[in-house]
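S.K.: Encoded as structure tokens, here's the structure I'll be asking about.
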Amino acid sequence: MTTLGTPLSPSATRVLLLGSGELGKEVAIELQRFGVEVIAADRYANAPAMQVAHRSHVLDMLDPAALRVLIASERPHVIVPEIEAIHTETLVALEREQGQKVIPAARAARLTMDREGIRRLAAETLGLPTSPYRFVDTAADYREAIAAVGLPCVVKPVMSSSGKGQSTLRSEADIDAAWEYAQTGGRAGAGRCIVEGFIDFDYEITLLTVRHAGGTSYCDPIGHWQQDGDYRESWQPQPMSAAALRRSQEIAKAITDDLGGWGLFGVELFVKGDEVWFSEVSPRPHDTGLVTLVSQELSEFALHARAILGLPVGAEDGGVIGQSGPSASCALLAHGNGVPVFDNVADALRDPNTALRLFGKPRVDGHRRVGVTLARADSIDAAREKARVAAAALGIQLTA
């Protein structure tokens, strides 16, 4: 797609975002830089990407009839899934029946919507190294799986995001509570889970991998720290051995080649020395990749937009996207109930090498990521500290 129209005109190039959170918002902004007409959809009103889109729709994207009505009415040239909670079989059918373009492809969206499809592809079809695992449907199966993989282990709903429903079990005392949480924390309600054996890794990385018209290119590895299964900090580049980096790129290429299509993938990997294990892959920008808003000339969102549109991404096949030096991000979390209001914004931005993104989340109920601080410095440690200091300076209030 190298010819682009004018938005809100008969020539418009229309892109439909299925999912309108903070990552979708940045994708929408990058698409609009190329004059793309952006339509944003999600299950709730005033989602972040809706605030910058040309039009928006609220619907249950797990409802196949509602999804078909939306797509028929908007007639998008491209559909870009931005979350997992979508009736992906509808996308597969529309791709087959009508040639509807889905990013990166309808099969990739279907396989990656839950952990079972992608884990079986990686481990059983492609033979990639992974942690030991079992899929379970009942409490009895769950206990058998724990006995098989051993403690410590991790349990996750097959369909969840941002750490919801995920627990690390370190002793038998954790077993019952972890199962209960997994049954209430998944996007599709109670049901199937994965029990994963624990890998004694040195660190985790996200290897952002771009499939584009010119081939496959990679961003420098992103290190990250999680708490309660959710991203708290990320930094780029993560130091690692040449052998581990090479193996990481090989694994990322294998899984993304099989999924196919154009777009950016977030490939999550465990690393210990020169050894690398596949963990998960998302066929879209990744939350840990928010650091690329300051660490790269082309952020993960700009890369995704360019790849979607068939445009050059600034690197050749097998090449690495340009990086600006040690950079870090720190997530901003709000706790409680209400509409977020931010104080001391000037203090958070006092250092000239810091930046701030407030996502525009319409409401917080419980706890929610509402923004991110970003920083560059002479070292990763210094960049992380700057991002933390900026985050600590910001006040977050919740109003009724």
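The backbone N, Cα and C atoms fix where each Cβ goes, and this holds for glycine too.
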S.K.: Could you look at Glu82, Glu84, Glu89 and say which one Swiss-Prot places alongside Glu22, Leu23, Asp287, Lys361, Arg368, Arg369 in the N(1)-(5-phospho-beta-D-ribosyl)glycinamide site?
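M.R.: Looking through Glu82, Glu84, Glu89, the residue Swiss-Prot assigns to the N(1)-(5-phospho-beta-D-ribosyl)glycinamide site is Glu82.
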S.K.: Please state whether DSSP places Lys361 (N(1)-(5-phospho-beta-D-ribosyl)glycinamide binding site) in a helix, a strand or coil.
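M.R.: Coil, per DSSP.
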S.K.: Within 10 Å of Glu280 (Mg(2+) binding site) (Cα-Cα), which of the binding-site residues Gly165, Glu204, Asp287, Arg369?
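M.R.: Neighbours among binding-site residues: none.
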S.K.: Could you measure between Glu196 (ATP binding site) and Glu268 (Mg(2+) binding site) for me? Cα positions, answer in whole angstrom.
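M.R.: Just about 15 Å between their Cα atoms.
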S.K.: Kindly assign Asp287 (N(1)-(5-phospho-beta-D-ribosyl)glycinamide binding site) to one of the three DSSP-derived states: helix, strand or coil.
M.R.: helix
S.K.: Roughly how many angstrom lie between the C-alpha atoms of Arg115 (ATP binding site) and Asp287 (N(1)-(5-phospho-beta-D-ribosyl)glycinamide binding site)?
M.R.: 17
S.K.: For Glu82 (N(1)-(5-phospho-beta-D-ribosyl)glycinamide binding site), which residues of its chain lie six or more apart in sequence with Cβ-Cβ distance below 8 Å?
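M.R.: Those within reach of Glu82 (N(1)-(5-phospho-beta-D-ribosyl)glycinamide binding site), by Cβ under 8 Å and sequence separation of 6 or more, are Leu17, Leu18, Gly19, Ser20, Gly21, Leu23, Gly24, Val27, Ala49, Arg284.
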S.K.: Can you tell me how far the Cα of Gly165 (ATP binding site) sits from the Cα of Lys361 (N(1)-(5-phospho-beta-D-ribosyl)glycinamide binding site), in Å?
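M.R.: A Cα-Cα distance of 21 Å.
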